[in-house]
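For reference, the structure is listed below as structure tokens.
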Amino acid sequence: MTLTNYVQEVSLADFGKPFHHKAYWNKRLKTTGGRFFPKDGHLDFNPRMLEENGELIFRKIVRHELCHYHLYFEGRGYHHKDRDFKDLLAQVNGLRYVPTSSKSKTNHHYSCQTCGQVYQRKRRINLAKYVCGNCHGKLIEKNQS
């Protein structure tokens, strides 16, 4: 079953309305579950949401995007702030927010030699340039083993 067919099935089952456009996987999405494009009506979905959270949560993400889709084409408020959107989302039991990823986002761990303060960073820092914010001691990178 293709993604577009799956979205069509969810649309008919949960909304009772057909989905007439295309749905695509978008690997570039990092923090969002999906996107609706009013200009041409297509939907993008994050494939990691299905892999990490399973089919049940992904179906709720599809419902969320279909709320945007159906409200837009009905000429009603389709933004997150609109009452029509909030009511329809609650009615179909869709997700308002995407669950956070279980993967650790910190790649580099540093600690102060003097006071032991621990720092976690996504990006490397120049140890010759930066010092501890508490005691101005020298920082060392901890091994990731």
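Note that Cβ sites are derived from N, Cα and C of the backbone, with glycine treated the same way.
The feature active site is assigned by Swiss-Prot to Glu65. Under 8 Å, Cβ to Cβ, and six or more positions away along its own chain, Glu65 (active site) finds Gly33, Gly34, Arg35, Phe36, Leu43, Phe45.
Long-range Cβ proximity for His68 (Zn(2+) binding site), meaning a same-chain Cβ under 8 A and a gap of 6 or more residues, is found for Phe36, Tyr78, Phe85. Annotation note: His68 (Zn(2+) binding site) sits in a helical segment as assigned by DSSP. The Zn(2+) binding site annotation in Swiss-Prot covers His64, His68.
Per-residue pLDDT, averaged across the domain 'SprT-like' (4-140), gives 94. Annotated domain 'SprT-like' per Swiss-Prot: 4-140, in sequence order, evidence recorded as sequence analysis.
Around the Cβ of His64 (Zn(2+) binding site), the same chain contributes Gly33, Gly34, Leu89, Gly94, Leu95, Arg96, each under 8 angstroms and 6 or more positions distant in sequence.
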